[in-house]
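Notes for the one structure printed next.
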C-alpha cells in the first residue's frame, strides 16, 4: 500500500500541483484547505506524513501543528512561505520535523518526504542501553525501567543515531545528514530545536542533560561527558 | 603633585565651561567685589585725608598758640631784667606749654652753634626720642623765625606697637640765652581708631554687599538657568526616544514661550515619528504580504515548470526548448524576487542577524569551491591567499556567504579568464576579505555607481551568473548590518578589487581602517 500524505494548503493550485508530483512518486495525496479540515482528515484518515502550510485561514498552521503533534508522532514537514528565520524556529518548536521554503522544486520536496518516510536506521537489532534508558531498536520503543518514553519517529531516530555510537561526537552537520537526510549544508537549527525537544522527554533535568550532552563548539554525543 | 594640580585645573575648567550658573555667579561676585573694593579704597582714603588734615591743622594751631605763650614768658622775663633766673623762666615756659597742649611729649632743645653762653639745659619728656624730630624738621625749624610752626608725620612708640603721630616744631628766642627749638609730639592714635572703625565698617559693608550680589545672581540664574536646564534635560530625553517628554508651561513670560514652542516641536516630532513608524509598519506588512502572495503562485509555477523540465526529453524539440527556457527564467524570477524581498527587508529595517562563531577562512574556502565549476568554465583560476583570519568570528554566515558568492560571481564574470585572488587577513580589531580580479576593470564613474540598485557595469556583457542587479546593493547592506564595510577599487584594464572588512567583535567600530590594503597586491605577495 502506498504511503498516504496529507497536503494542507489553502491555495488549490499549489495543492493540486503537489498532488500531481506525489502521485508521480507513487504516494497517495489527501487534501485539506484549512486548519479544521486538516485536523478532521488527520484524525479520520491517519495519514503517514503531513505537508503543512504555516499560513492558513482560520486556525494558524502553528496551532494545527501543535494539535497534530499532541496526538501522534506522524512526520510533519512545514511548507513555509515567509523567509523570516524566526518562523522556522516557531514551526519546529510547535512540533514540525522538517521544513521546505516556498518556492521549492519537486526533487527537494520528494527528498524531504522520503527521508521522513523511510528513515535510515543504524544496522542493528539489539537493545541499546544509554544511561537509565533502554532502546528497543526493532520494537521502535524507548523504556525507562517499566515506563515507556513516548518519542516521535524523528526523536527516536535522533536518539538512536547518538546512542548507537556512544563514543562518537556528532556534529550538527553529521546529524543533519544521518537523521534528516540532507546531503548539503542545511539549517543547523533543525538539530538544535529537536535536541531540545528530545531532552525535554528523556532527561530527568533538561537543563542539566546526562543522556544527550552538548560538546561545546562541536556538537552532541550520547552519555555523560567524561 | 604636578599631576594633582593639573587634574584640579582641568576639573575647574570643566566646571567653568560646563555650568552657566557657576560662571554667572562667579563673574558677578568677582566684578562686584572689584567695584566694592575700589569704592571702599576711595572712601577710606578720603576719610583718612580729611581726618588727618583737620587734626593736623588743629595740632599746628595749638602748637602755635603754645609757642606764642612760651615766647611771651621769655620776652616778659627779659623785660623785667637780669635778676630773673633764666632756667626757671624756661621751666615755667615749658610747664605752660605742657599745660596748654595735648601733646604727649615736649622737648626744648638749644639751637646749636650760638655765641651766647649756654644757660638753659636741653629739656625733653622722658620718652622723647631724638628721631621724633628728624634732621630735616630741625633744619627747617632752625631756619624759621619766630611765629612759624613746622611739622612732620612720625610713628610714635606706644604700648601696643607704633601709633601715627605729628611732631610740630617752632623756634623760641630766650633773648638772653640764645635761641631754642620747641618740639611737641602729638599722638594721632585716636584718629587712627576712628579711621580703623570707618574702614572696618566699610569692609563689612563691602562683604555684605558682595554676598548680596552673589545671592541675587544665584537667584536670577536659578530663575533663568533652571528652566533652561529643565528644557535641556527634556530635549535629551526626547532625543533618546522618550517622545512623551514635555515641559511644564507656567505664566506668560519668555520661559513659558520657550516651553510652549518646545512642546510644539516635540508634538510635531512625535507626530512625524509616529507617521514614519506607521509607514514602516505598512511597508513591513506589505513586504510580508507580497512575499506570501507572490510566492504561492510562484511555487506552483516552479513545480509545474520543473515537472515539465524533467520530462523535456519526451517532448518535441520546440516544446523541450520552451520547457528549458521556462525553467531558467523561473529560476531567475525567483532569485530576483528573493533579492527584492531582502532589499525591502533592509529598507524596512526588519533585518535580524543570526550570528555564529564562524571561521572566515573556511567560509571563503567553501565559497571558492562553490564557484569553482563556473570559474573553470570561464577559464579563471581562483586562488586563496590567507595570512590571517584563522579564528572564529561572530558573523551571520549566510550573509557573509552571500557577499562572497556575489563578489566571486562578479569577479568571474568580469575577470577575462585571468586568475582571481582572494585575500583574507586580520589584525587585532578587524578581519578583511578582498576579492581581486585582473579583468576589464571599471571607469571612475562606474566605480561610483557600482553599489546602486539595478545598475550594471556593461549592459551588453554576457551574464552567466544571472545577477539580479541587486547583488552588490544587498552585499553592502549585509556588510553594514555586521558593522563592517564593503569598499571597491578599480582601474580600467587592470581589474577590480572588492574588500569586505568586518569588526572582530560585534558592535566594535572599524574606524575606517582595514587589515588589507585596497588593492592588497603590493602588501601581500600573491
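Heads up, the Cβ atoms here are built off N, Cα and C, so glycines get one too.
Per TrEMBL, the feature domain 'HAMP' maps to B:222-274.
The domain 'Histidine kinase' (B:289-506) scores a mean pLDDT of 86 in the predicted structure. Residues or ranges marked as domain 'Histidine kinase' by TrEMBL: B:289-506.
Look at TrEMBL and you will find B:20-47 (among others) tagged as transmembrane segment.
Taken from TrEMBL, the feature transmembrane segment covers B:202-221 (among others). Within its own chain, the transmembrane segment (B:202-221) is flanked in space by residues 20-21, 24-25, 28-29, 32-33, 36-37, 39-40, 43-44, which lie at least six positions past its ends and keep a Cβ under 8 Å from the stretch.
Across the domain 'HAMP' (B:222-274), the DSSP tally of helix, strand and coil residues reads 39 helix, 0 strand, 14 coil.
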